[in-house]
Amino acid sequence: NHQNRSRLRFVDFTFTQEPQDAVTVRGGTLQLDCQAQSDTSAATGPPAITWRKDGVLLSAVVDERRRQLANGSLLVQNVVHSRHHRPDEGEYQCLATLDGLGSIVSRTAKVTVAGKKTLCPLKVVVPTESVSSYLGDTALLRCEVSGDPTPVIRWQKNREDLPPTFEPESRLAALPSGSLQVSRVQPPDSATYRCLADNPGSTRTGTDAELRVLRINESTQPSRITADLQNADSQMLIFFPCRNKKYSLLAGSNLVIRSVTDDDSGSYSCTATNKNHNISAQAELSVLVPPQFLNYPTNTYAYESTDIELECAVTGNPPPSVRWMKNGEEVIPSDYFQIVDGSNLQILGLVKSDEGFYQCVAENSAGSSQAMAQLLLREPGRPTFSGISFLVSISFQRFEIIDDMNSDLRWCYRCYYCLPDVVFSHIRERSVNVSEPESLELTVSNLKPEESYSFRVVAYNDVGPGQSSAPLKITTKPDLQVPSRVESLRAAALSPTSVQVNWEPPSHPNGPVLGYRLLWTESPSGKEQSVEVNGLNYKMEGLNKFTEYTVRVLAINRYGPGTASEPVGITTQSDGVGPPAAPRRLFFSVVFQSIKVSWQPPPRGAQNGIITAYKIKYRKTGRRGDQEAIEPNNFWFLFTGLEKGSQYSFQVAAMTVNGTGPASDWYTAETPENDLDESQVPDQPSSLHVRPLPNSIIMSWTPPLSPNILVRGYIIGYGVGSPYAETVRVDSKQRYYSIENLEPSSHYVISLKAFNNAGEGVPLYESAVTRSLTDTSTPMIPPVGVQAVALSSDSVRVSWADNSMTKNQKASEVRYYSVKWKTSYSTSGKYKSADTTALSHTVTGLKPNTMYEFAVMVTKGRKSSTWSMTAHATTYEAASARPRDSTTTVRQQWKPNRRPKSKCQGYILYYTLDKNMPIDDWVMEAISGDRLTHQVVDLNLDTVYYFRIQAKNAKGVGPLSEPIHFRTAKGPSQTEIMSCSCFLLFYIS
């Protein structure tokens with residue numbers, strides 16, 4: 001044990017390089033650097049580096065694009081970025097770990113990808129215009145360009161580049177706005193200028209502008225330029241030119257402040273003077289200060305079961321937020337981990353697992369800082385002594401200890417206590433030191449009345465703790481002698497920083513009340529404060545504005561403090577004199593002719609008081625005038641009775657006693673053309689096509705064929721051998737998706753299903769094998785723009801385009817096309833097909849009034865593309881084969897299943913002249929709802945027809961009934977009605 005303690009020392013463990021914020025472009029390369037060192041590297045080896053993205057640990061070798069270098073850096077090649085897939089953009093941290101000791105985490109680096117779809121294109125806000133300037137005056141060539149990321153502005157003179165930065169004594173200066181200033185204009189300055197703007201995504205070149213230098217007989221240049229510095233405490237007038245390390249002029253008139261500090265915040269004015277006139281302009285400077293530590297956490301030794309507090313005091317502008325990390329993981333406040341005094345970390349009842357590295361992380365909009373401390377728990381020593389026995393005399397929350405050992409050593413004692421329902425080694429004990437050495441008495445306070453506690457005592461000296469005594473169980477007395485709760489506790493906010501609290505005495509004081517204790521807790525920090533009060537009221541001052549507090553009061557008599565009252569909540573007033581800020585983010589739920597608008601309230605610091613209601617303005621697109629609605633209680637409002645197939649715009653503003661604040665941006669939502677059904681889940685998507693590449697699979701699909709069921713979106717599942725490893729949700733209007741970051745030469749199973757508020761529909765499955773990285777052949781691109789147009793009751797013309805052909809290349813020379821088709825309601829999945837060398841094909845021999853789906857594939861040599869996206873067309877109704885008096889009508893009737901497993905949504909009736917034909921070639925008629933009869937019209941006279949029927953529900957279609965036959969009437973004068981019973985068994989998967 002002594003040797004272990006001698007080796008127990010603190011480790012010097014720090015980052016030597018941390019990842020920095022970065023902006024990259026789609027298809028580019030990103031490298032984030034991270035290195036750490038410790039003074040134990042010789043014994044334990046260098047720290048191990050791992051990476052996190054958005055809080056999730058990354059594998060050391062993620063894929064071919066993203067890998068970790070030997071020095072710990074993270075390298076991402078061929079950065080991927082699209083509207084719906086952004087795997088490389090986000091927040092990155094590196095984690096340094098010493099085996100057996102713990103981990104520390106780096107600063108957070110934000111990576112932004114500037115792709116064509118995500119960056120804000122460069123826009124010239126103020127174009128450069130030609131200017132004329134008198135000799136010796138100042139000329140300003142303006143060039144203001146906006147974009148995201150912020151562009152870099154550079155200038156050219158007569159199409160030759162000017163330096164990106166100028167010397168302080170230069171007459172030329174590039175201003176922060178992008179404009180070029182030319183001071184004390186000279187004849188050589190007469191030239192043509194233009195600005196160029198660049199950011200990682202694009203480049204913009206400004207228009208040519210001419211600077212003309214005019215000559216005059218008498219100079220009118222200012223005799224002096226002064227900078228007037230003002231702040232709250234002093235006023236200073238500085239004349240230029242002069243030599244000043246703090247302040248200087250750039251290009252003769254721009255004020256440069258070096259080594260800026262918070263003290264430089266204030267109001268500045270610039271005054272230009274000549275013999276005829278003077279003018280002034282003002283500007284306000286607010287200096288942002290990154291977090292700075294006033295108190296650092298320190299390395300700490302401690303014993304198990306004791307309490308410690310790690311200090312961390314920071315300052316900055318704006319005030320930083322503080323959070324604690326332990327071994328790279330954020331510390332979540334609990335009964336044993338508490339944030340006290342604003343930012344200190346208190347740990348109660350230490351256990352062995354609390355050892356490690358603790359980091360205090362402070363952040364504000366100006367930056368972040370962190371400080372680290374290590375916590376080590378000493379192993380107890382084992383001095384030999386006979387032990388401790390208890391002689392207990394209990395008064396309320398008090399006991400005495402008598403030592404029966406005979407020893408010449410001077411001992412101190414520590415008492416450990418807890419609720420004894422579980423084994424000591426598995427819980428956190430609290431400990432209290434005996435205040436006087438060798439004292440045999442200790443009072444433990446703040447215990448609960450009528451609770452059983454288990455106590456044990458340990459003697460210790462400079463060597464360490466000894467052996468523990470046997471535990472002793474003690475039950476505290478009921479609190480009958482202390483005062484009962486105070487009554488009628490009330491709190492009222494007087495101002496943004498003060499609250500008045502009043503209460504009535506307890507109904508059962510059990511003797512004279514000696515005073516009261518007022519306790520209040522700030523939300524959400526949880527910081528609690530208390531004060532002793534003699535009267536029945538107290539004014540709390542120095543509070544934070546517009547902050548929620550909970551207040552409790554307890555009475556005290558000669559037996560001690562009583563039970564605290566129930567907490568009362570109160571919020572201080574806001575000092576904002578203006579209206580609140582705009583609400584954030586609007587969300588919509590559309591059901592039939594109703595739109596539910598939801599929103600998030602303004603940030604708490606910008607509410608300027610208690611929000612009393614929200615004002616919602618709305619209008620139909622294309623109409624003039626807005627309508628208003630008021631919502632006083634909720635963060636949503638339901639608009640009903642809207643028009644079908646119409647687009648509506650909405651904006652929301654918050655209201656307080658100070659007035660109505662600015663409204664949010666306008667957001668739009670659209671009601672459907674028809675009252676779509678959302679009482680059942682969507683049908684299966686009508687088609688799914690996949691195209692594999694080495695590291696990705698491109699999906700395309702068509703929506704379910706049921707036009708009356710609402711689809712809110714699609715769920716894509718994929719994985720190696722199973723479609724359940726990863727899932728992605730996409731919008732209902734999306735028809736394609738690219739699955740990225742896949743392994744080459746791997747078999748993936750893909751599922752696609754539609755969903756709405758009623759649930760998820762039946763999935764459609766497809767599989768694909770990603771291509772090998774060594775496969776350099778270019779895959780065939782499937783035909784695009786496939787269109788199907790019905791020509792008659794039995795023919796459809798299918799046309800397409802082939803983007804893989806060059807303009808001068810003829811399709812018939814190198815390739816041919818395959819067209820496949822089937823009825824959209826086919827259950828067999830069998831297609832018919834035909835080949836052609838043209839870019840269109842007419843499919844004949846189809847059934848009348850039937851919807852078909854078509855797809856096209858291109859073949860060149862031994863290579864073929866995947867099938868194209870599906871197109872649909874419905875053939876025309878057939879003209880009557882005979883005059884009206886030569887046809888007949890048959891009414892079909894059937895019975896439903898006696899024990900259906902779910903609600904029937906309709907039926908599909910098939911009929912034919914040849915019962916041996918495949919079911920896909922039978923004439924089909926869809927029957928919606930739960931009707932049990934159907935009329936089949938325009939049949940031939942004196943002809944035998946065969947009929948089959950099947951039911952469908954939300955899960956799909958059931959099995960077909962057995963065929964029945966019926967002969968139509970011999971003449972038009974006869975009318976016969978066929979009645980048959982088909983008992984249908986519903987199949988529910």
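Any Cβ shown, glycine's included, is placed from N, Cα and C.
Bear in mind that the values here come from a model prediction, so they are computed numbers and not experimental data.
The following features are taken from TrEMBL:
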type	residues	note
DOMAIN	13-112	domain 'Ig-like'
DOMAIN	121-212	domain 'Ig-like'
DOMAIN	253-286	domain 'Ig-like'
DOMAIN	291-376	domain 'Ig-like'
DOMAIN	379-479	domain 'Fibronectin type-III'
DOMAIN	482-575	domain 'Fibronectin type-III'
DOMAIN	579-674	domain 'Fibronectin type-III'
DOMAIN	681-775	domain 'Fibronectin type-III'
DOMAIN	782-878	domain 'Fibronectin type-III'
DOMAIN	879-971	domain 'Fibronectin type-III'
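Residues of the domain 'Ig-like' (253-286) grouped by DSSP class, helix first, strand second and coil last, total 3 helix, 20 strand, 11 coil. Under the criterion of 3 or more C-beta pairs below 8 Å, with sequence separation of 6 or more, the domain 'Ig-like' (13-112) and the domain 'Fibronectin type-III' (681-775) qualify as touching. Assigned with DSSP, the residues of the domain 'Fibronectin type-III' (482-575) fall into helix, strand and coil as follows: 0 helix, 50 strand, 44 coil.
When pLDDT is averaged over the domain 'Fibronectin type-III' (482-575), the result is 88.
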